[in-house]
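Data first, discussion second: the structure below is written as structure tokens.
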Amino acid sequence: MIEVKNLYKRYHTHNHRSTDWVLHDVDFTLPKGVSLGVIGRNGVGKSTLLRLIGGVDHPDRGQVIRHCRVSWPIGVTGGFQGSMTGLQNLKFLARIHGYAHDLQAVIDFVQDFTELGKALNAPVKTYSSGMRSRLAFGLSLAFDFDVYLSDEATATGDAAFKAKAQQVFQERLGQASVIMVSHSEDILRELCQAGLWLRKGEKPIWFDDIADGLNAYNDSVKQSKNTPVKQRKAAA
Amino acid sequence: MSAGVRPPWKVTWSVWHALFMREVLARTTGDRMGWFWMLGEPIAFIVIMVSIRSFLGRSRDIAGADFIVWLMIGLSGFFMVRDAIQRGMTAIASNQALFAYRQIKPVDALFVRSATELALQTVVLLILLGLALLTDINALPDDPLGVFSLWCSLWLLGLGCALIVSVVVRLVPDIQHLVKMMMLPLLLISGVIFPLHNLPHSILEYLLYNPILHGLELLRLHFFDGYQAVQGVSLEYLWRWILITLALGLALHARFELRLKAK
């Protein structure tokens, strides 16, 4: 179970000016075993919400309470130490997540999954971006979490590898659930039960059924498409 | 399937373990001469100071202590505090990438760095004393337990200062130069390389505000049975500094945690 309580987030520019609220009073409780799809237009804070839930970033107000093991956003490559080898980074993460005694099992999984071979013993800073994202994917899936955080926008990789990651991921979903940001409706419909629609400057709407959420979201997109640009500006 | 949420102490413990392994690896393999200089710096210092002293024709002995061993202890003790502060200054910046994982807090980086420092400096001190023993200098402590407790007290003082400095340097980066500049004068007024016993009381009065001087003199007092320490050193004063710096340092870390994590 994850409780998200009255979450507010905004960013600050270098001259200490604040931007508008990126997240404005986001409030929901995700029950155990339910997968959530987060939908909304570009720039409404979907990735930000995921970062806050994963604890990578901190809210300005409100809090996130995790009653279970939550992953960091899958495929994020920012947490690597460039001067260390892939294997050293891997061991480090395994120790942090309490796998100090099963190091070998984690190493085997990542070796097998990422197909990096000897490159695993080279410093991460020598990796291509494709190799980095493979390693990042492999590491995210190497540990058992109750809730995985998946962000389509930040996770990159070539198509074949993505398909492989997808497959492993779906096998996991038997025991674990996911909070997912994606623009692909098919994937959302397939993997998620509940939906959260984030809207700019308005309170987000929770849907118990992701299908309802997608329908409502699509309607709103169509509506704004039908309104001529000039008129919309006048209304604003 | 995972066995639910781990208790906080367990998370902290695995973070410390992971950071420690990483730190040791970085220190020993990171730069090739790292190990050499850890030993090389104090040895070079000792050789230079001893030759200067014999060149000046002073006696090698200090009341109740062998000069070389006296110097060794002072230097290792001082280097431990100095390195704790200097490495603490960069601890947060060099672990920045890791704060992407919510389990790791800036204060963990500080703790682990200074624990590593304690381990390495202890090894260095033991090697130095061993070398001295091999050259027929009596370098065995008269009160090992007392030496050990003072050694740990000095480490805690270094940790407390490092906690404070690490936050201050992140908030006001220019302070970094000031801290580095202060280290040499601090070496001189802490009674590391020449004894302060003969200084007039009016000067000593001010020098005794420096807690490192207290720590080093007390350390030597436990090492040599008949040693005459500088008048006015007290364990209570040293520990007052330790407790205050630790409390202030931890408070600063608690208050500015988010600011420290931000890139």
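Glycine too: its Cβ is placed from the backbone N, Cα and C atoms.
TrEMBL annotations: computationally assigned, not manually curated.
The annotation domain 'ABC transmembrane type-2' is assigned in TrEMBL to B:33-256.
The annotation transmembrane segment is assigned in TrEMBL to B:35-56 (among others).
Annotated transmembrane segment per TrEMBL: B:62-81 (among others), in sequence order. Here the transmembrane segment (B:62-81) has Cβ contacts under 8 Å with residues 41-42, 45-46, 49-50, 53, 117-118, 121, 124-125, 128-129, 132, 137-139, 151, 154-155, 157-158, 161, 186-187, 190-193, 195, 197, 212, 215-216, 219-220, 223-228 of the same chain, all six or more residues outside its ends.
Residues 27, 38-39, 42-43, 46, 68-69, 72-73, 76, 79-80, 83, 151-152, 155 of the same chain lie 6 or more positions beyond the ends of the transmembrane segment (B:118-135) yet place their CB under 8 Å from a CB of it. Feature annotation from TrEMBL assigns transmembrane segment to B:118-135 (among others).
Look at TrEMBL and you will find B:147-169 (among others) tagged as transmembrane segment.
TrEMBL lists B:181-199 (among others) with the feature transmembrane segment. Listed by sequence, the residues of this chain that lie at least six past the ends of the transmembrane segment (B:181-199) yet keep a Cβ under 8 A from its Cβ atoms are 45, 49, 62-63, 70-71, 74-75, 77-78, 82, 85-86, 207, 210, 212-213, 216-217, 228, 230.
Residues of the same chain lying 6 or more positions beyond the ends of the transmembrane segment (B:237-256) and with a Cβ under 8 Å from any Cβ of it are 105-107, 110, 153, 156-157, 159-164, 166-168, 170-171, 208, 211, 214-215, 218. Under the heading transmembrane segment, TrEMBL lists B:237-256 (among others).
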